[in-house]
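Student: Residues annotated as transit peptide in Swiss-Prot, with sequence analysis given as evidence: 1-19. Annotation comment: Swiss-Prot describes Gly201, Gly202, Ala203, Gly204, Val205, Gly206, Lys207, Thr208 as ATP binding site, evidence class sequence analysis.
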Amino acid sequence: MFSRVAKTSFSAVRAAKSQFSHSLSQQTSKTWVPAATCSKRSYAAEAKTSAAPVSGQIVAVIGAVVDVQFEDDLPPILNALEVQGRTSRLVLEVAQHLGENTVRTIAMDGTEGLIRGQKCVDTGSPISIPVGPETLGRIINVIGEPIDERGPIGTDRRSAIHAEAPEFVEMSVNQEILVTGIKVVDLLAPYAKGGKIGLFGGAGVGKTVLIMELINNVAKAHGGYSVFAGVGERTREGNDLYHEMIEGGVISLKDDTSKVALVYGQMNEPPGARARVALTGLTVAEYFRDQEGQDVLLFIDNIFRFTQAGSEVSALLGRIPSAVGYQPTLATDMGTMQERITTTKKGSITSVQAIYVPADDLTDPAPATTFAHLDATTVLSRGIAELGIYPAVDPLDSSSRIMDPNVVGERHYSIARGVQKILQDNKTLQDIIAILGMDELSEDDKLTVSRARKIQRFLSQPFQVAEVFTGSPGKLVSMAETIDGFESIIKGECDHLPEIAFYMVGNIQDVKDKADRLAEELS
């Protein structure tokens with residue numbers, strides 16, 4: 001009897017299970033959508049938002065991390081919340097949903113004075129900042145507030161700092177050189193439009209002046225704008241840069257002819273601000289590219305601080321660290337930002353990123369992840385700076401992915417390699433010269449050394465932004481003039497001209513004019 005009851009019960013359960021699975025499959029067949037028809041954008045749009053602002057209250061404050069509890073709808077990840085009842089504006093960015101209607105957020109400013117029970121309001125969107133020509137000549141922080149004490153930024157245009165990279169169909173596949181007007185860069189390590197350049201340089205080798213000249217030349221040669229994002233840099237350095245830009249004419253306080261927008265998240269800011277300020281700068285640059293069709297220069301100083309801040313945020317959120325203590329999402333964080341820096345059919349963003357290498361270890365995960373995205377490297381050498389040759393770019397260490405005859409042309413490529421060969425041969429001969437002297441060299445070697453010294457001096461160039469310091473007018477040299485000048489040196493057409501004539505001049509005609517002036521003074 002027991003077995004009969006068991007069989008009857010089992011049959012009933014099986015019948016019920018069959019009926020349930022049938023109804024579930026019918027329901028699923030109505031609502032299921034093939035994965036191929038769902039884009040990333042439609043996924044992002046699915047977050048449930050309400051028309052009225054959703055408010056919650058703070059339930060925990062742990063350093064830069066703030067937990068906020070809501071009664072009804074939760075704000076989506078990356079939404080901005082604003083803390084009420086504070087004199088200074090405090091924005092929180094949603095990072096995690098914890099359960100029990102609580103979200104974990106990262107503060108974009110100091111959390112001193114926050115208490116449990118304080119009210120927070122969901123803004124309904126990610127952090128939004130002012131964009132457009134009105135930002136030129138101004139300094140803003142990570143949440144778009146002006147911090148230069150010159151009043152509010154007069155624009156209604158705003159953009160969210162989180163955006164997707166351009167679609168494949170929107171990207172431009174043409175490899176174009178961005179002519180900077182700086183001889184050593186254009187000849188030996190040219191920048192690609194929409195490329196990413198790593199700028200390696202210690203203190204006092206002319207990094208700031210090179211950055212200012214690039215901003216100035218791109219504005220004059222291409223009519224383009226620049227954006228400078230100071231990520232975790234010293235407040236003093238940011239202040240110095242601002243005043244140097246005013247002195248150099250890159251920023252004008254009198255009219256609207258400024259060529260650069262500044263976005264600062266200094267070293268004393270909380271990690272949330274430092275981790276997001278690069279995205280704020282990138283958003284300002286994206287507006288000029290996408291809405292005005294500009295070729296924009298984006299400077300990030302220092303890209304290592306972006307990674308470092310991401311590591312701090314990751315630890316505060318309780319994620320298990322990866323190699324050397326970095327965040328497990330290191331490659332994703334870097335890739336998400338770097339993929340937005342590209343050339344589209346409308347315009348381009350070319351990024352110059354200063355890179356700090358911890359303990360000079362290039363295998364450290366932070367610089368190693370950055371290198372994967374770089375198209376060119378510009379190395380500033382202290383040894384060259386000590387010789388008084390500015391810009392102090394190392395012509396042998398600097399490199400570019402587009403230094404290829406198919407991109408730059410056969411003539412440019414062969415002249416650049418010829419210049420590097422002469423400089424490398426001269427470097428090899430320096431040991432012999434140090435021990436035995438110039439007299440012991442063969443005639444060919446003497447000629448190589450003579451031409452190398454002329455090339456070294458011809459690689460120097462007076463900058464327009466440094467006119468107020470040097471007293472000599474700056475020079476912007478076209479690509480054609482640069483190639484012609486170095487070709488005439490390596491072919492021996494300038495062997496009769498004195499070395500001093502090649503120092504701090506523009507094109508090869510300036511060399512000849514300077515040589516004539518020197519000859520007249522001596523006669």
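Numbering starts at 1 and runs along the chain as it is shown here.
Just so you know, glycine gets a Cβ as well, placed from its N, Cα and C.
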Student: Counting every protein chain present, what is the number of Cβ atoms, excluding its own, within 10 Å of the Cβ of Ala203 (ATP binding site)?
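Tutor: A 10 Å sphere around the Cβ of Ala203 (ATP binding site) contains 8 other Cβ atoms.
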Student: Apart from Gly201, Gly202, Ala203, Gly204, Val205, Gly206, Lys207, Thr208, which residues in this chain have a Cβ no more than 8 Å from the mean position of the Cβ atoms of those residues at the ATP site?
Tutor: Leu380, Ala385, Ala392
Student: Counting Cβ neighbours within 10 Å across all chains shown, tell me which of the binding-site residues Gly201, Gly202, Gly204, Gly206 comes out on top.
Tutor: Gly201
Student: Which residues of the same chain, at least 6 positions away in sequence, have a Cβ lying under 8 Å from the Cβ of Lys207 (ATP binding site)?
Tutor: Leu199, Gly201, Ala354, Leu380
